[in-house]
Every structure is written in structure tokens, then in C-alpha cells.
Amino acid sequence: MEEKEHNWRSVMASKKGKASRSIRIADTVYEQEEHYASQMSKKRKFSPSGSMTEIPAGKEEASNSECDAQFLEDETTKIFAQKVADHYSARSNQTLEEREASPIIHLKKLNNWIKSVLIQLYAHQGDAVLDLACGKGGDLIKWDKAKIGYYVGIDIAEGSIKDCRTRYNGDADHHQRRKKFSFPARLICGDCYEVRLDKVLVDDAPFDICSCQFALHYSWSTEARARQALANVSALLRPGGIFIGTMPDANVIIKKLREGFWHL
């Protein structure tokens, strides 16, 4: 298959930007091995108890006609982001048989292969990993195989974070408990395209590698969100750190839409 026919694109990006929003983030740390967590805490100072982290709101803008358009855009963006969160939170977990019966199972397997290749190529033993839009933790096994040292996963959907925690703790399948993961993890529910994450992850940063798989395009709803997404990557990676990501190829999507339109 030629590259022009792919509907995905691997991307690497780092760009500074500025935007700030107020949000409450459900913050829980999960540790597997006390001696390992103790060793990591020398670099990552965190509290293992569940807590709520409040990010201070930025200075309010004056309410006038000049900022009405921006206000409406912000409200529309928030509604869209909440719909995305609600959609993923409401998705029910499928059995292996149900997943295999999916009409897009081959696409899902292709996507998983792409992510596996990227992680194998760029992740190294002991790396600190930031996983933006981590979802239900479908890549945890991939990171475990790479023998990373620390993991922070962030997702806008609370339901996905809960499922990720369940998977991390080895409770996803009550009939066959899988072994727990070898790295300590911190899971956060929040919109990584709306807030400055460097203020939330002060004790966790810098990261060796940042990953955003099949989700970066959700930040393109506004320029401010796109800039904030890239600014978070830039601010949280160590010098020389690596960003890996995969997103749909807009050129292919538009091409397919046009082909479909002319065939109507």
C-alpha cells in the first residue's frame, strides 16, 4: 500500500505557545512495588493518596462586545471537548470475541502495530513517559515491554481513566488475572489541550518521551488548543527528549471525501 493511501500519519512536533484555563484534575498515583516506587520517588516526589489538584484560573477577561466572539468560541470548544469525554466514558468494554468481530478489527490491528513500532523504536529502559490522551491504557503492555521506569497517563474521559486504572492493577479480566506492571504510574483525568501541564506535573517532569496516539487532532478545534497541546509537549520534555504521535492524514481524508462526493 502506498503512503498516499494511508489515513494516518506519524508525527513529531515541539512548539512553544501560551494559553491557560482553569480545571480540576482527579489525580491518583498507583504503585506496584514499594522498593521500586521508593527509588523512583527520589526523582518523582509524589503522594500515593488520591487527591484533587486545583489549577488556579487565569485572570478573567473583561466582558464586552469585542470578546463576545472569543467567548462563544471558547464555550463551543468546551462543549465539544465534553462531548468527546462523554463519548469515550460511555463506551462499554468489549470481550475479546466482540473485538475480533468488529468490522474495523483490521484497522485496529494496524493502529496497534503502528504504536508498537513507534514505542519499540524510541522508548528505552528506565524512561519517564508522558502519555497524552492515554485512553483506557491500551498501550500499557507496550510500555511495559520497553521496560520504562515511570508513567504518567492523562485523558479527558473519567471513564477511560478508571478503566486504565483497572487494567494497570490487573483486574480487567476477573477470570484470568494478568501480572501487574513493573513501573509506577500516575493517572490524571483532565484536558491536556486546555491547561498548562507543567504546573500540574512539576514533580514529574521532565520526561524522556511523550506520546499522543490517534488523538492529537482533537486539539485542532482552535488554534489556542493546538498551541497549548504543542506547548505542553515542549515544556515537559527534557532537552533532547522525543515526542511520538500518530494522527489522521487530512490530505487522504479530503481526497476520499471528494471521491465519494463525485460518486454520489
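Note: Cβ is positioned from N, Cα and C throughout, glycine not excepted.
Heads up, TrEMBL stuff is auto-annotated, nobody curated it.
The candidate list Asp144, Asp155, Asp171 contains one residue that TrEMBL assigns to the S-adenosyl-L-methionine site with Lys115, Ala133, Asp191, Gln213, Tyr218, namely Asp155. Averaged across the domain 'MRNA cap 0 methyltransferase' (102-264), pLDDT in this predicted model comes to 91. Ala133 (S-adenosyl-L-methionine binding site) carries neither a helix nor a strand DSSP state and counts as coil.
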